[in-house]
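Lifted from TrEMBL, the feature list:
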COMPBIAS  1-14  compositional bias 'Polar residues'
DOMAIN    54-479  domain 'Major facilitator superfamily (MFS) profile'
REGION    1-24  region 'Disordered'
TRANSMEM  51-70  transmembrane segment
TRANSMEM  90-110  transmembrane segment
TRANSMEM  122-141  transmembrane segment
TRANSMEM  147-168  transmembrane segment
TRANSMEM  180-202  transmembrane segment
TRANSMEM  208-230  transmembrane segment
TRANSMEM  293-317  transmembrane segment
TRANSMEM  329-349  transmembrane segment
TRANSMEM  356-374  transmembrane segment
TRANSMEM  380-413  transmembrane segment
TRANSMEM  425-448  transmembrane segment
TRANSMEM  454-471  transmembrane segment
Amino acid sequence: MLGLQRETSSMYKRTSSRDYSPMIDVEDSSGLLENDVDNEMETTNPSWKCSLPHVLVATISSFLFGYHLGVVNEPLESISSDLGFSGDTLAEGLVVSVCLGGAFLGSLFSGGVADGFGRRRAFQICALPMILGAFVSGVSNSLAVMLLGRFLVGTGMGLGPPVAALYVTEVSPAFVRGTYGSFIQIATCLGLMAALFIGIPVHNITGWWRVCFWLSTIPAALLALGMFLCAESPQWLFKQGKIAEAEAEFERLLGGSHVKTAMAELYKLDLDKTDEPDVVSLSELLYGRHSRVVFIGSTLFALQQLSGINAVFYFSSTVFKSAGVPSDLGNIFVGVSNLLGSVIAMVLMDKVGRKLLLLWSFIGMVCSAMALQVGATSSYLPHFSALCLSVGGTLVFVLTFALGAGPVPGLLLPEIFPSRIRAKAMAFCMSVHWVINFFVGLLFLRLLEKLGPRLLYSMFSTFCLMAVMFVKRNVIETKGKTLQEIEISLLAKP
């Protein structure tokens with residue numbers, strides 16, 4: 001069959017896969033496809049070493065995402081003093097959060113960019129505003145210029161995560177896809193910690209905050225240049241009708257002995273979807289045959305943010321200061337907890353599965369938020385015990401979040417979304433993520449003041465408990481399955 005594919009692909013290389021598939025006899029090809037899959041069961045898994053370099057380059061975008069989230073944490077006081085808005089909390093808040101507006105805009109367009117230009121080119125497009133925005137932020141001499149630079153960086157932040165999730169999912173062998181997906185969360189943690197570390201000299205060296213922005217142009221440039229050497233997503237190439245290129249990329253990613261089976265699965269899936277239109281509209285995402293998986297994805301991201309994780313990050317400095325722990329040391333503790341949880345998730349992702357990690361994670365967040373954070377506000381506890389519970393609750397909350405609720409949604413959603421709508425559906429779900437992230441950040445301090453920590457963290461615990469029930473009822477396990485197997489199993493459901 002591979003010989004037939006090679007012959008025909010040279011003739012129909014630039015045609016759509018839907019136009020190409022009728023050239024093969026359906027009955028004959030079905031038998032061949034089944035034989036291909038059966039034969040593959042006798043072989044070993046493809047080498048993970050082939051795809052690893054491509055995944056590592058892609059996760060530079062996640063490193064940049066984490067870096068730019070934390071880059072203004074330590075330098076904000078120096079920035080406000082040098083640019084003349086010191087003491088203006090609204091202006092300081094805008095410097096921190098204007099990138100969220102850019103991220104929302106970038107995430108809206110990420111699906112169209114990834115489908116229109118390909119995954120590799122999308123990474124390069126993502127790197128450009130990050131380079132330009134970081135440079136503008138570093139040379140800014142007014143609040144307006146700083147906000148422009150942060151907004152430009154935000155558009156790249158919005159483009160990067162959905163494309164990284166798509167790319168890592170599509171180029172990874174099934175047996176290590178969960179592990180590779182965890183690299184995204186680990187890279188984000190490393191970016192946050194790098195921003196904190198690089199920001200340490202800001203109080204001693206005049207103008208160091210400018211260097212903090214300029215340094216981020218180095219990994220952004222490495223991402224843009226590195227993508228010239230990386231493989232394109234074979235699934236995207238197949239959708240474009242570039243059959244020979246898809247085979248070549250499968251060979252780079254999986255090894256020559258696994259190309260036949262990988263291509264056979266793509267053909268089988270394509271034969272099952274010949275009646276679907278090429279264009280994916282918003283109404284199809286919301287009301288079409290795949291609306292349920294889009295609803296599951298959007299709800300997972302919504303519950304991830306409503307769990308209060310970003311509020312815990314925002315409130316952690318205050319908690320540590322009240323316990324007598326310096327804020328920079330407290331932030332390091334939070335960063336280490338986040339990184340430790342992500343590493344554990346990486347080890348367990350392909351062993352225990354996505355669904356079980358999600359359940360454990362949200363259950364752990366319920367316990368830490370309720371038993372520790374709420375308990376720490378009790379008037380019956382000695383002051384020292386309450387502070388220990390509060391600090392411990394913060395660290396356990398972050399640790400359990402990083403075990404599942406943090407890394408799993410970004411990995412699971414590209415797995416369960418059909419290939420035709422994958423990029424657009426990820427863009428829609430990430431938009432939901434950014435909207436709720438914005439409102440949580442905007443309203444947290446206000447709600448804390450009006451409701452108090454006990455009631456507020458009780459609300460977060462309630463959302464985590466809702467997440468446990470939602471995951472148990474709606475999330476399917478994808479561990480060890482190829483993307484084509486997952487899609488075929490979902491299409492078979494009524």
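FYI, residue positions are counted from 1 along the chain as it appears here.
Any Cβ shown, glycine's included, is placed from N, Cα and C.
Just so you know, TrEMBL annotations are computer predictions that nobody has curated.
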Counting a contact as 3 or more Cβ pairs under 8 Å, with residues at least 6 apart in sequence, do the transmembrane segment (180-202) and the transmembrane segment (122-141) touch?
no
Would you mind listing the long-range same-chain contacts of the transmembrane segment (208-230), meaning Cβ under 8 Å and 6+ residues beyond its ends?
53-54, 57-58, 60-61, 63-64, 67-68, 71, 75, 78-79, 82, 120-121, 123-124, 126-128, 130-131, 134-135, 137-139, 149, 156, 195, 198-199, 201-202
With the transmembrane segment (51-70) as the reference, which stretch in 90-110, 147-168, 329-349, 425-448, 454-471 has the largest tally of C-beta pairs below 8 Å?
147-168
Cβ under 8 Å to the transmembrane segment (425-448), counting only same-chain residues 6 or more beyond its ends: which ones?
97, 100-101, 103-104, 107-112, 114, 158, 161-162, 165-166, 282, 285, 290, 293-294, 297-298, 300-302, 304-306, 308, 310-311, 314-315, 413-414, 417, 456
